[in-house]
Amino acid sequence: MISLQTIAKPSPIHFRPKKPFKRPPKTLTPIHSLLQYNRKPQLSGETPRVVVITSGKGGVGKTTTTANIGLSLARLGFSAVAIDADVGLRNLDLLLGLENRVNYTVVEVLNGDCRLDQALVRDKRWSNFELLCISKPRSKLPLGFGGKALIWLVEALKNREEGAPDFILIDCPAGIDAGFITAITPANEAVLVTTPDITSLRDADRVTGLLECDGIRDIKMIVNRVRTDMIKGEDMMSVLDVQEMLGLPLLGVIPEDTEVIRSTNRGYPLVLNKPPALAGLAFEQAAWRLVEQDSMKAVMMEEEPKKRGFFSFFGG
Ligand code: ADP
Ligand code: MG
């Protein structure tokens, strides 16, 4: 495993003070860990659960996570609305293959040009999943659009005739400027997506501090694009190292998988693939844990990934 000293670690003063992190024991019982996924997860917490998917750095997998977790939640039987809050560079609709069905956006709803239900795009594959885009690509937002507008939107979703959704997922833009602040305002929990590299980690750490300042205490992380071969060759940080640096509970570990890129280009989210892809299974398990507000108790076995096979990726 890579020791932290072998990676150019930023000065500790740039990192938030962490709760002491206890490394989990290195023994796993994969069969027991996997059996629990045969039952339906029990929804915990008050609904709608408003979850922002964020990262700081761009291109680490926020939109991929939003699409796959959103559809996994729907497959598990929960209703979910995914809001694309990446205003200038929206692409959640593309990943979901719903780009041709977005006729209205939140901007038109706020202008009084359409009703909220006209802006919600219902997925034909899983009808308890809906997409909501903030604005048309390359269009400008109305002056003063901000966190209050999103709070209004969440309230409007709560008060719909068919009842409030179980989950509202907000796909956050990269960076920590106005778009980020707007996206996190209505959220009461966060999923922080990071890749195991130092630039992504530093941004994730900064974002965690900002989320905490905003009163969001329930923050779990997804470590994306993990490669066991590189970890084994000490060319990539291990998941445990990431956990040690960020001090956050782990919602999921997603392997680097070419199927993700294929599914992105086809507009067909990975979790719908048959047979399931590795990353798709990992996203499904992360969604499962999100429902129960659980986190991983064991992580990838880095020492012998080949011997133990793929299932040693996941803990209970
Ligand atoms: P963000 O929303 O954070 O900018 P995206 O979800 O758009 O990031 O992902 C950026 C790129 O990374 C996309 O091309 C996507 O297909 C790719 N990607 C994301 N996760 C994985 C993965 N686990 N394996 C391979 N490619 C991935
Ligand atoms: Mg994105």
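Keep in mind that glycine also has a Cβ here, set from the backbone N, Cα and C atoms.
Annotated features in TrEMBL:
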- Lys57, Gly58, Gly59, Val60, Gly61, Lys62, Thr63, Thr64: ATP binding site (BINDING)
- 51-269: domain 'CobQ/CobB/MinD/ParA nucleotide binding' (DOMAIN)
- 1-22: region 'Disordered' (REGION)
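Fewest other C-beta atoms within 10 Å: among the binding-site residues Gly59, Gly61, that description fits Gly59. Ligand 2 lies under 6 Å from the Cβ of the following binding-site residues, listed in sequence order from Lys57, Gly58, Gly59, Gly61, Lys62, Thr63: Lys62, Thr63. Between the binding-site residues Lys57, Lys62, the minimum number of other C-beta atoms within 10 Å of a residue's C-beta occurs at Lys57.
The ATP site is defined by Lys57, Gly58, Gly59, Val60, Gly61, Lys62, Thr63, Thr64, and by the 8 Å test on Cβ atoms against their centroid, the other residues of the chain that qualify are Ser55, Thr65, Ala174, Val193, Asn224. For the recorded site, Lys62 (ATP binding site), the DSSP three-state label reads helix.
Listed in sequence order, Asp84, Asp86, Asn91, Leu92, Leu95, Asp171 are the same-chain residues at least 6 apart in sequence whose CB falls under 8 Å from the CB of Thr63 (ATP binding site). In the structure as shown, the Cβ atom of Gly58 (ATP binding site) sits within 10 Å of 14 other Cβ atoms.
With a cut-off of 8 Å between CB atoms and residues at least 6 apart in sequence, the same chain places Leu95, Asn224, Val260, Thr264, Leu270 near Thr64 (ATP binding site), listed in sequence order.
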